[in-house]
Amino acid sequence: RFIAKPCAINLGIQDSGPHRAQPNAILEKVFTSITKSPDGKRLEGLSKQLDWDVRKIQRWFRHRRNQDKPTTLTKFCESMWRFTFYFSIFVYGIRFLWTAPWFWDTRQCWYSYPFQPLTSRLYYYYILELAFYWSLMFSQFTDIKRKDFLIMFVHHLATIGLITFSYMNNMVRVGTLVLCLHDASDFLLEAAKLANYAKYQRLCDAFFMLFGVVFIVTRLGIYPFWILNTTLFESWELIGPYPSWWLFNGLLITLQVLHIIWSYLIIRTAYKALVRGKVSKDDRSDVESSSEEEDVTSNSTKGVFSTSSNGSNRINGHVVSGQWTEE
């Protein structure tokens, strides 16, 4: 409200939403009381009742659905908040872990386990991360539902479960490595969104490509060969198969499966960007589009992004493209 909004206004971002549907009492009643996406039979009936072309009615429903979506200004403010948190917590994590012995030797995560001290800096790092992911969990149900809603829901559940479980079992050393690794790419995604909302297309594409590289390197390279290696093999060697070993590693492997899915979507988006010369439309976009002339005109003013969210994805989602979506 006091920082992001003035920044957005200075960048020329208007507080205006998508094209609004023309007022129509009959269609509004159908939209609010019956269905937001009428089938062919209902469209035919409405066409006869209103003496409108079926395509015109479809266009009205599309515009009506879109006008409930958040404005670019709202998305910018949300992304700026997320960027601030992700960047700040990543810097804090790096500064903290730089002097931690387990950052340089992962076997240190298991020496003297479970009798390892919980310092105040480590404690606050954990609590801040847990609070943030709980906020994403709650806000996901109030934000616009995207195609990756289920994936993000599983991701938040696994993340909260891992943070809570590792804290209760004093596995905080390896937990800090997981948290810092995941924060390494998230702020780049939010930076790309900010550049898109401000209509800095080249900067947006550059941030997205950088995000994609960092994401794939950290999630498909460092994570399995550094994190999973120590939790699966080094822990087994040093402290043995403790009772919760299977659950702990099961949650970590669940995250890895999600990493693979997101990496595929990111690579596909990057490929489209190279082929078309710019990032293509995001598969998770919360704004519906049309090939019709008036929609092309409207979309021509948009940038690469179109968003969970504070919930976004919320991705919080990681896949972005064309008209970037939040998340």
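Note that Cβ sites are derived from N, Cα and C of the backbone, with glycine treated the same way.
All TrEMBL annotations are machine predictions without curation.
According to TrEMBL, the protein carries these features:
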type	residues	note
DNA_BIND	29-72	DNA-binding region
COMPBIAS	301-315	compositional bias 'Polar residues'
REGION	283-327	region 'Disordered'
TRANSMEM	83-103	transmembrane segment
TRANSMEM	123-142	transmembrane segment
TRANSMEM	207-226	transmembrane segment
TRANSMEM	246-267	transmembrane segment
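Long-range contacts of the transmembrane segment (83-103) within the same chain, counting only residues at least 6 positions beyond its ends with a Cβ under 8 Å from a Cβ of the stretch, are 109, 121-122, 125, 128-129, 132, 173-174, 176-177, 179-180, 183-184, 186-187, 190-191, 194. Long-range neighbours of the transmembrane segment (207-226) within the same chain, counting only residues 6 or more positions beyond its ends whose Cβ lies under 8 Å from a Cβ of the stretch, are 106, 177-178, 181-182, 184-185, 188-189, 191-192, 195, 255-256, 259-260, 262-263, 266-267, 269-270, 273, 279, 304, 318, 320-321. In the predicted structure, the DNA-binding region (29-72) carries a mean pLDDT of 80.
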